Protein chains: 6
Amino acid sequence: MLHIIFLFSLLFSSSHASVLDFCVADLMGPIGPAGYSCKKPAKVTADDFVFSGLGIAGNTSNLIKAAVTPAFDAQFPGVNGLGISMARLDLAADGVIPLHTHPGASEVLVVVQGSICAGFISSANTVYFKSLKTGDIMTFPQGLLHFQLNSGGSPALAFVSFSSANPGLQILDFALFANDFPSELIEKTTFLDDAQVKKLKAVLGGTG
Amino acid sequence: MLHIIFLFSLLFSSSHASVLDFCVADLMGPIGPAGYSCKKPAKVTADDFVFSGLGIAGNTSNLIKAAVTPAFDAQFPGVNGLGISMARLDLAADGVIPLHTHPGASEVLVVVQGSICAGFISSANTVYFKSLKTGDIMTFPQGLLHFQLNSGGSPALAFVSFSSANPGLQILDFALFANDFPSELIEKTTFLDDAQVKKLKAVLGGTG
Amino acid sequence: MLHIIFLFSLLFSSSHASVLDFCVADLMGPIGPAGYSCKKPAKVTADDFVFSGLGIAGNTSNLIKAAVTPAFDAQFPGVNGLGISMARLDLAADGVIPLHTHPGASEVLVVVQGSICAGFISSANTVYFKSLKTGDIMTFPQGLLHFQLNSGGSPALAFVSFSSANPGLQILDFALFANDFPSELIEKTTFLDDAQVKKLKAVLGGTG
Amino acid sequence: MLHIIFLFSLLFSSSHASVLDFCVADLMGPIGPAGYSCKKPAKVTADDFVFSGLGIAGNTSNLIKAAVTPAFDAQFPGVNGLGISMARLDLAADGVIPLHTHPGASEVLVVVQGSICAGFISSANTVYFKSLKTGDIMTFPQGLLHFQLNSGGSPALAFVSFSSANPGLQILDFALFANDFPSELIEKTTFLDDAQVKKLKAVLGGTG
Amino acid sequence: MLHIIFLFSLLFSSSHASVLDFCVADLMGPIGPAGYSCKKPAKVTADDFVFSGLGIAGNTSNLIKAAVTPAFDAQFPGVNGLGISMARLDLAADGVIPLHTHPGASEVLVVVQGSICAGFISSANTVYFKSLKTGDIMTFPQGLLHFQLNSGGSPALAFVSFSSANPGLQILDFALFANDFPSELIEKTTFLDDAQVKKLKAVLGGTG
Amino acid sequence: MLHIIFLFSLLFSSSHASVLDFCVADLMGPIGPAGYSCKKPAKVTADDFVFSGLGIAGNTSNLIKAAVTPAFDAQFPGVNGLGISMARLDLAADGVIPLHTHPGASEVLVVVQGSICAGFISSANTVYFKSLKTGDIMTFPQGLLHFQLNSGGSPALAFVSFSSANPGLQILDFALFANDFPSELIEKTTFLDDAQVKKLKAVLGGTG
C-alpha cells in the first residue's frame with residue numbers, strides 16, 4: 001500500500017506549482033491574452049467555483065426597467081480560462097435589454113420566469129426573433145447584435161451563458177451616446193440626425 | 001439610394017452559398033471534427049435558434065430520482081459550431097446525478113429551484129463540493145468527475161451550460177456497468193470486488 | 001537514387017486523398033463550422049491562391065461615397081481554413097464606411113492612398129480614433145463597432161486584413177434599417193425616435 | 001554583405017524581449033490559462049528541449065505493479081505552450097494502469113516492449129479494447145475513461161503522448177478513495193456499497 | 001431499473017447520428033479544414049483506434065539510410081480530429097532524416113534504440129541540437145526546421161508524436177530539388193550556385 | 001437617467017482591472033504562450049492601436065535589394081492577442097525576399113506597387129507560383145516555404161498580413177548559414193556540398 005501512495009506522491013506532489021485542471025483568477029496578478037493569472041492551487045477552495053451574485057434580483061428601477069448582472073471572470077474568478085461564464089437578466093414589465101453584442105462569445109439564454117421576446121440580426125441583415133416562454137432556450141451567435149425584451153405583463157427572469165469567460169458587452173446606445181464620441185463622427189458614421197444624437201447623449205450622459 | 005442598395009447587394013448576394021455567422025446543423029449531412037454540416041442559410045428561420053425541450057420537466061420516476069435533458073447539437077441544431085449548449089437537470093427529493101464527466105467541455109450550473117449539493121474532483125484528487133441554494137451558480141472545469149444531488153427535501157431544478165455544442169456525457173456507472181465491459185477487466189482496472197461489479201451490472205443491465 | 005524516390009513515393013503517393021497543408025474551398029461542397037469542403041489537391045493550381053478582384057477600384061458613386069470589396073472565403077477560395085482574409089476599401093472625398101462590426105475576426109488596416117480617420121469603441125464605451133496618413137496601420141479588436149472615413153480632400157484607398165477566412169460584416173445601419181426589423185422593436189431596443197427610424201428605413205429600403 | 005547583416009539585425013535584435021517560436025516554462029513565474037510564463041530566450045539552451053527522465057524505468061514494486069512517469073510541462077518545461085507532452089508506462093507482469101482520464105487531451109500510445117491490453121469507453125458507453133503487441137499504436141480520445149494492462153507474462157513498456165502540454169491525469173480509484181471524499185457522497189453518486197467504499201479507502205489512504 | 005435504462009435510452013439512443021467523442025475518418029467522404037468526415041459511430045470498432053503499421057521497420061536501404069513511416073490521419077483514421085498523430089523513424093548506421101518542417105504541428109521524439117543527434121533552428125537563427133541516448137525525449141516547436149541523424153554506430157529507432165492529426169511534412173531537399181521548381185528561381189531565392197542546384201536535382205529527380 | 005448611469009457603472013466600473021476586449025502588450029511584463037501581458041486598460045490610448053513604422057520604405061541597399069519591416073506584437077503592441085499582424089516588403093529592381101517560412105501563421109500579400117513573382121511549396125512538393133500585378137493578392141498557407149521577388153524593372157511594394165500577432169520568420173539562408181550551425185551537420189542534413197556551405201557562410205557571417 002505504501003507503494004501505491006508513493007506512486008501517487010510521485011505524480012502529484014511536485015515541488016513546483018503545477019498548471020492544473022483549472023486556473024482560478026488571481027485578480028491582482030498579471031493578465032494575458034488568455035485571461036488572468038492563476039491563483040496558487042493550494043489556496044483554491046470550493047468557494048472559488050461558486051458565485052452567489054446571480055441569486056439577487058437586479059435593480060430594474062431604471063429607464064430600461066431591466067438589469068444585467070454579470071458573472072464573468074472579473075466577478076467570478078472560478079471561470080477564468082474555462083471558456084464559459086454567465087449573467088442574469090431581470091426584466092420588469094416593459095423592461096428591455098437594448099441592442100448589444102458580445103464581441104468574443106456566443107450566448108445561450110434560458111427563460112426562467114415570464115416571457116421574453118428575443119432576437120438577433122445576422123451579417124446578411126436578416127432579423128431572427130421569437131417570443132420565448134418559460135423554459136425555452138435561444139442561442140445568439142458570436143458577435144451579432146441582439147436584444148431581449150419582456151413580452152409579458154409580469155416580471156421576467158432569464159439566465160444567459162457565454163462561450164467565453166470574458167465575453168465582453170457592447171450596448172449599442174452606450175457605445176454611441178454614453179461617452180465622448182464626437183456627435184459629428186456619430187452622425188457621419190450612422191446617418192442619424194443631429195437632433196437625435198444630441199437627445200440621446202443628453203439622456204445617457206454623453207459629451208462632445 | 002439605389003447606389004447604397006447596389007453596394008449592399010454586391011456584398012451579400014453572392015451566387016455561392018456563404019459561410020456565414022452561424023452553422024445550423026443539417027443533421028442529415030456529413031459530420032466532421034468541428035461539427036455537423038450547415039443547413040443552407042436560406043432555409044434557416046428563427047425557430048432554428050430556439051429549443052423548447054428544456055421547458056418540460058424530465059421524468060424522475062426512476063432509480064436515481066433524477067433526469068438529464070440535453071440540448072446539445074444533436075437535439076438543438078442551432079448551437080452547432082457555436083461552442084455552447086445546455087441541459088436541464090431535474091432532481092426529485094433524494095435525486096442524484098451520479099458521478100460523470102463531459103469529455104470535451106467545461107460546465108456552469110445555475111440552481112433555479114430547491115437546493116443542490118454539487119462537487120467535482122481535480123487531477124490532484126482534491127474534492128471541491130458545496131451546497132448551493134437557489135440562484136447560486138457553480139462551475140465544473142473540463143473533463144473532471146463531478147456530481148449533483150438534491151440537498152433539500154423538495155424537488156430541485158437546475159440548468160447547466162457547456163463550453164461546447166457537443167460536450168459529451170460519460171456517467172461513471174453506465175460506463176462501467178451498463179455495457180459488455182468484461183467483469184474481469186473492470187475488476188482489474190478498478191479494484192472493485194467481483195460481487196460489487198456483478199451487483200451493479202445486474203441493476204444497470206450490463207453483461208460480460 | 002531510386003531508393004530515395006521510393007521513400008518519397010511512400011510518404012506522399014497514398015491512394016487516399018490526403019488532408020494537406022491547405023483546403024481550397026469547393027464552393028459547391030458541404031459547409032461545416034470550420035469552413036467549406038476542400039477542393040481535391042490534384043485540381044488545385046497556383047491560381048487558387050491568387051485573387052485579382054481587389055485590384056479594381058470599388059464604385060464609390062453612392063450615398064456613402066465609399067465601397068467595400070471583400071476577398072473572404074466565398075470570393076477567394078484559397079483562404080478557406082487559413083484564418084486570414086482581406087478586403088479593399090475605397091473612399092471618395094467625404095466617403096465613409098459606416099459603423100460596423102466583424103463578428104468573428106480582428107482587423108488590421110493599412111492606408112495606401114490619402115488619409116483616413118478610423119476608430120472603434122470598446123466594451124467599456126471608450127472611443128479610440130485617430131487620423132491615419134498613408135502608410136499608417138491600425139488594428140480593430142474582434143467584434144467591436146468601428147468606422148473609417150476619408151479625412152483628406154482626395155480619394156483614399158486602404159486594404160484591411162482579418163484574422164478569419166470568414167470574418168462576417170454587420171453594418172449597423174443595414175442591420176437596423178435595411179430589412180424587415182419592425183420599427184417598434186427597433187425603437188424599443190435602441191431608443192431612437194420613430195421619425196428617425198422611418199426616415200432611415202426609407203433611405204435604406206427597410207420595411208416593417 | 002554588411003547590408004544583409006544589417007537587415008538581419010534589424011529584424012531580430014530588437015531591444016524588447018520577443019515572443020518567439022517557443023515558450024520554455026519559467027516554473028517560478030506567473031501561470032496563466034495557456035501555461036507557464038516564458039523563460040527569457042537568451043537563457044534558453046538545447047537542454048531545455050531535452051528530457052532524460054523517461055529513460056529510467058519506473059518503480060513497479062507496488063500494488064498495481066506499474067508506474068507512470070510524466071513529462072508534462074511541470075517536469076519538462078520545453079513543451080510549455082506547444083500542445084504536446086509525453087509519459088512513460090512501465091508494467092511488470094500483471095501490472096495495470098487503472099481506469100483514468102486526461103481531462104484536457106487526447107492520447108496516443110506506442111508499445112515498445114511486451115504486450116498490452118488497452119481500451120477506452122465512449123460517451124455512448126461502448127467499450128473499445130484490444131490487445132496490442134510491440135510496435136502497435138492506439139489512440140484514446142480526449143477525456144474518456146481508459147486503461148492499460150500487461151497482457152503478456154513479461155514486463156511491458158509503452159510511451160504515451162498527449163495533445164496538450166498539461167493533459168492532467170485523473171485516476172478513478174484515487175479520485176474516489178484516496179482523499180477525504182465523504183463515503184456517503186461516494187455511495188450516493190456511484191451506487192457502490194459502503195463496505196466496498198471503506199475497503200478501498202483503507203487500501204488507498206482515503207478518509208471521511 | 002427499467003426507469004434507469006429508460007433514462008439511458010433517452011440520452012443516447014437518438015435517431016440522429018450524433019457528433020460524439022471521436023470522429024474516425026471516413027477517407028471517402030468530404031474533407032474540411034478541420035479534417036475528414038466522420039465514419040458513422042455504429043460502424044466504428046476498436047480496430048479503428050489501433051494501427052500496426054509502425055511495428056514494421058522502414059526500409060533504410062536508400063541514400064539517406066533512413067525511413068519515415070507516418071501514422072497521420074490519412075494512414076490512421078482513428079486520430080482524425082483528435083489533435084495528435086505519430087510516425088516511426090528508422091535510421092541505419094549513418095542514417096539521416098534531412099532538414100524538414102511540419103507546417104502545422106509541434107513534435108516530441110523518444111529514442112527507443114541507439115543514439116540520435118537531433119536539433120532545430122529558431123526564427124532567431126539559433127541552432128539547438130543535442131545527442132540523445134535511448135530513453136531521451138526532445139521537443140521541436142511548430143514549423144521550425146529540424147533534423148535527426150544517427151549518432152551511434154548501430155541502427156537507431158525513434159517514435160515521434162505531433163500536436164496535429166495532420167502535421168504535414170516538408171523535407172527541404174525534396175521541396176527544392178524533387179519537383180519542377182525552376183532552377184533560376186531556386187538560385188535567386190536561396191543563393192545556391194547553379195551547379196549545386198543542378199547536381200541535387202539530378203539526384204532527387206527534379207526538373208526545370 | 002441616473003438609474004441608467006447607475007446600471008452602466010455597475011457593469012463597467014469594477015474595482016478590479018478587467019480582462020477586456022483587447023490586450024495591448026506590456027513589453028516589460030511577463031510573457032506567456034498566448035502572448036505578452038496586457039497594459040492596464042486605463043493607460044491604453046488610440047496611439048496603442050496605430051503604428052506608423054510601415055509608412056517608411058525599408059532600406060534596400062543590400063545584397064537582396066529588399067527589406068522586410070515587421071509590425072508584429074514586439075513592434076506593434078496593439079495586435080498582441082488579436083491573432084493578426086502585418087509587415088511591409090520593399091523590393092528594389094531585382095530584389096528578392098529569399099525562401100522563408102512563418103512557423104506559426106498563414107499569410108496574405110497585397111501588391112501595392114510594381115509587380116512581384118511569389119510562390120510557395122507544399123508538403124507534397126508542388127510549387128505554386130505566379131506573377132502578381134498591382135492590386136493582386138496571394139495567400140501562403142501556414143508554415144510552408146515561400147518567396148517573393150520583383151518581377152518588374154521598377155521598385156515594388158507589398159504589404160503582408162499574418163494570422164498571428166507573432167508569426168515568426170525563418171529565412172532559409174539565415175537559418176543555415178548565418179549562425180554557428182556546424183558545416184558538417186548542414187552538409188549531412190541538406191546534401192549541400194562543403195564548398196557551397198562555406199561560400200554562403202562567408203557571405204552571411206556564419207561560423208562553424
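Note that Cβ sites are derived from N, Cα and C of the backbone, with glycine treated the same way.
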Which of E:CYS38, E:CYS117 is the other half of the disulfide bond that TrEMBL records for E:CYS23?
E:CYS38
Please work out which residue of E:HIS102, E:HIS146 has the most C-beta neighbours within 10 angstroms of its C-beta, and give that one of the binding-site residues.
E:HIS102
Residue distribution over DSSP helix, strand and coil in the domain 'Cupin type-1' (E:52-198):
25 helix, 56 strand, 66 coil
For E:GLU107 (Mn(2+) binding site), what residues in its own chain, 6 or more apart in sequence, show a Cβ-Cβ distance under 8 Å?
E:THR139, E:PHE140, E:HIS146, E:VAL160, E:SER161, E:PHE162, E:SER163, E:PRO167
Sort E:CYS23 (disulfide bond) into helix, strand or coil using the DSSP assignment.
coil
Among all protein chains shown, how many Cβ atoms are found within 10 Å of the Cβ of E:CYS23 (disulfide bond), not counting that one?
29
Quick one: which residues besides E:HIS100, E:HIS102, E:GLU107, E:HIS146 have a Cβ within 8 Å of the Mn(2+) site's Cβ centroid, in sequence order?
E:THR101, E:PHE120, E:PHE140, E:LEU144, E:LEU145, E:VAL160, E:PRO167, E:LEU169
Select from E:HIS100, E:GLU107, E:HIS146 the binding-site residues whose C-beta atom falls under 8 Å of at least one C-beta in chain B, and return them in sequence order or as 'none'.
none
For E:CYS38 (disulfide bond) and E:HIS102 (Mn(2+) binding site), determine the Cα separation and express it in whole Å.
24
Taking DSSP as the reference, which of helix, strand or coil describes E:CYS38 (disulfide bond)?
strand
I want to check the contact list for E:HIS100 (Mn(2+) binding site): same chain, sequence separation of six or more, C-beta distance under 8 angstroms. What comes out?
E:LEU145, E:HIS146, E:PHE147, E:LEU169, E:GLN170, E:ILE171, E:LEU172
Whole-number answer please: how many Å between the C-alpha atoms of E:HIS102 (Mn(2+) binding site) and E:CYS23 (disulfide bond)?
23
Are there binding-site residues in E:HIS100, E:HIS102, E:GLU107 whose CB lies under 8 Å from a CB of chain D, and which ones?
E:GLU107
Measure from the Cβ of E:CYS38 (disulfide bond) and count the other Cβ atoms within 10 Å, all protein chains considered.
25
